[in-house]
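Report on the structure given below.
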Amino acid sequence: MKLMIIESPGKIEKLSTILGDGWKIAASVGHVRDLPQKEMGVAAPDFKPSYELTERGEGVVAKLKNLLKQADSVYLATDPDREGEAISWHLQQCLKLSNPLRVTFNEITANAVKASLVAPRTIDVKRVAAQEARRVLDRLVGYMVSPELSRLTGKRLSAGRVQSPAVRLVVEREREIKAFKVTNHFGAMLFFADAKTSGEWSAEWLTKPKFVAEDNPYFMDRDFAAAVAQVKAVVVKSFDESEAKRSPPPPFTTSTMQQAASVTLGVDPKAAMDAAQKLYEQGHITYHRTDNPNVSDESLGDIYAVSVKLGLDIAEKPRKFKAPAGAQVGHPAVTPTHWEVEEAGETSDQKALYKLIRLRAIACQLADARYAVRTVRLEAAQPVGGKNVEFEARGRTLIYQGWLKLIAGDQTEEEDGNEKESSNPIPVCAPGECLDVARGKLLEKKTKPPSHYTQATLVKKLESEGIGRPATYAAIMDNIVSRGYVKTEKKYLFPTETGELIVDSLVGKFEFLDLGFTREIEESLDRIAQGESGYKAVIAKVHDQLNMELSTLQVSATPKHPCQECGKPLRRIPGKNGHFWGCSGYPDCSVTFPDEGGKPGQKKPVEVSNFACVKCGNPLKHLVKKGKGGYDFWGCSGFKEGCKATYEDKKGKPNFEKAK
């Protein structure tokens, strides 16, 4: 018997059908080993990780050991990325495999699977080292920084090497929006009647460069703009006709697939990845964790065949798209495995995502869309306020659909600016021609703040900043929302009070919050995978940096809200009657403070009477609570010093005869 070990049990049925008799397919169900849960699991100077079987891994490994007794050969067919390579290495270690055959395939089809069996290889230890470095770096930041973060804030909070920079982006965008000051400015639009078509076209006043500067592009004089809108006639200065092309977007990478699923289907990155995982396991799409925006060369023939069948024109030569900076391009873009299949998947999300993937992948090799473009420059026949004013009209008409015959545009964009551009049907004009203005309009404009991030646009930002990798985006989104650092309202992301507290506590104190540092770490991991850097050097550098920052912080930093009694951080605690602040040193320190606008307030001074305690001489306090469970008695203000004396109330005075 030949044993093939894969990651996901969802692939077993499909692979069993492909491989047939003589094969046993078993799943590791992800990682079987990890760093220990209750300790760091790695330490200087060698930073060698200490792994232990996960609770699920113990059962998986026991089952696999039994299967090994019947196996003649073992094929490790975990996923074709760094994570999959690491899982294969851990399986080799746990099962004590002396000569496992490592095979990978980018799609679960008979051709791809059988081709991989013909050319097995050994485990790529450089890629394993890169994954191990990522895991250890995440552990270092989490275990070294989180306790200090909790000390500073008085709350049990966690810091993350990638999640914290993601939260920072959301926090800074929110503050940018709140700090934004609206600028009211003005423009003018002229409208012209086209006698031949009975239509209307428009031209906008050009305020640059005569009326505004590059560093302050807003025209503020409303009266002058209104006068421009009253222009009655213009002279044509120039008229130009040209043709513009619009190329199709590339096929999906992991991040663009998540963005398109969010924008077009309304599903979050995690749901998109879950649907893609199922489609991959069912054999409908290629491997969906990739940053390569190009289809495989072998797919071109299939794309051309489907395009001809659909009556679509293909591009003159195969298209190649530029990969993002730092992309690993280890696997082709996300595409269908059987291009002629129009519908695939078991659920509505899977079917909708498959359709997006297929049409986008076909469109990438279709001909450009073409537009007829007309541009006319106009000048007012008479100066306005002694100044010559010019206008420009630009119109675009689709004359050849090309790839737009198949898909409407780039589904990753929240708003497709190209499609918003008006056709503006400008007639043929001759330089020197005088045109009458049908009507004018004063444009009252105002600047807009940047939009809040959505999960789609945050993924796009993370990718552009080089933060994270295809396999991590969905987990980042899920973590920052599920842990309460970011919340979603009508698809937009807002920081929570906790998220802002984390960012304020870490920024300026730890370098891993800087986007540039996070990007450098990703590049270091890439170099480890390529054999250009060593694991130990990368880990030691980050470890030393964190140690230095923690030492500096512990010497200089004080808690944001220190206890006035012991100096430990105060914590904001929900109570029956709202929030209050208590000392994190409880029960050793039981000081509390009222909550005032999310911050510790001042305790009201204790109101004492002129009556003295007969036991210790301290002033008495009149303690009254009305309603259910109420009370009315006198107590000693020396309670904390040990005097427990109480007195019954007698007509608003302590009854010294009834002392307890």
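The backbone N, Cα and C atoms fix where each Cβ goes, glycine too.
Sequence annotations record features per position, and here Swiss-Prot assigns site 'Interaction with DNA' to His31 (among others) based on sequence analysis. Classification of His31 (site 'Interaction with DNA') by DSSP places it in coil, neither helical nor stranded. Around the Cβ of His31 (site 'Interaction with DNA'), the number of neighbouring Cβ atoms within 10 Å comes to 20.
In this structure, Arg134 (site 'Interaction with DNA') is part of a helix by DSSP. Cβ contacts within 10 Å of Arg134 (site 'Interaction with DNA'), excluding its own Cβ and spanning all protein chains shown: 25. Summarising the annotation, Swiss-Prot assigns site 'Interaction with DNA' to Arg134 (among others).
The Cβ neighbour count for Arg135 (site 'Interaction with DNA'), using a 10 Å radius over every protein chain in view, is 19. Taken from Swiss-Prot, the feature site 'Interaction with DNA' applies to Arg135 (among others), supported by sequence analysis.
Annotation source Swiss-Prot lists site 'Interaction with DNA' at Asp138 (among others). Around the Cβ of Asp138 (site 'Interaction with DNA'), the number of neighbouring Cβ atoms within 10 Å comes to 16.
Annotation source Swiss-Prot lists site 'Interaction with DNA' at Tyr143 (among others). The C-beta environment of Tyr143 (site 'Interaction with DNA'), restricted to residues of the same chain at least 6 apart in sequence and closer than 8 Å, consists of Met40.
Among the features that Swiss-Prot reports, region 'Interaction with DNA' is placed at 158-163, with the record citing sequence analysis. Remark: secondary structure over the region 'Interaction with DNA' (158-163) totals 1 helix, 0 strand, 5 coil, with classes taken from DSSP.
Counting only same-chain residues at least 6 apart in sequence, those with a Cβ under 8 Å from the Cβ of Tyr287 (active site, O-(5'-phospho-DNA)-tyrosine intermediate) are Asp79, Pro80, Asp81, Asn106, Glu107, Tyr280, His331, Val334. Annotated active site, O-(5'-phospho-DNA)-tyrosine intermediate per Swiss-Prot: Tyr287, in sequence order, evidence recorded as sequence analysis.
When Cβ atoms from all protein chains are considered, those within 10 Å of Arg289 (site 'Interaction with DNA') total 25, not counting its own. Taken from Swiss-Prot, the feature site 'Interaction with DNA' applies to Arg289 (among others).
The site 'Interaction with DNA' feature in Swiss-Prot is assigned to Arg483 (among others). On its own chain, Arg483 (site 'Interaction with DNA') has Ser158, Gln163 as residues at least 6 apart in sequence with a Cβ closer than 8 Å to its own Cβ.
Annotation comment: Swiss-Prot describes 563-589 (among others) as zinc finger. Per-residue confidence over the zinc finger (563-589) averages 77 (mean pLDDT, predicted model).
Among the features that Swiss-Prot reports, zinc finger is placed at 613-643 (among others). Remote same-chain residues near the zinc finger (613-643) are listed as 606-607, 649, 652, 654, 656, 659 (criterion: CB distance under 8 Å, separation of at least six residues from the stretch ends).
When Cβ-Cβ distances below 8 Å are used as the criterion, the region 'Interaction with DNA' (158-163) is approached by residues 137-138, 140-142, 145-146, 149, 467-468, 472, 476, 479-480, 483, 485, 502, 506, 510, 512, 518, 521 of the same chain, each at least six residues removed from its ends.
Here the Cα atom of His31 (site 'Interaction with DNA') is found 16 Å from that of Asp138 (site 'Interaction with DNA'). In the three-state DSSP classification, Arg483 (site 'Interaction with DNA') falls within coil.
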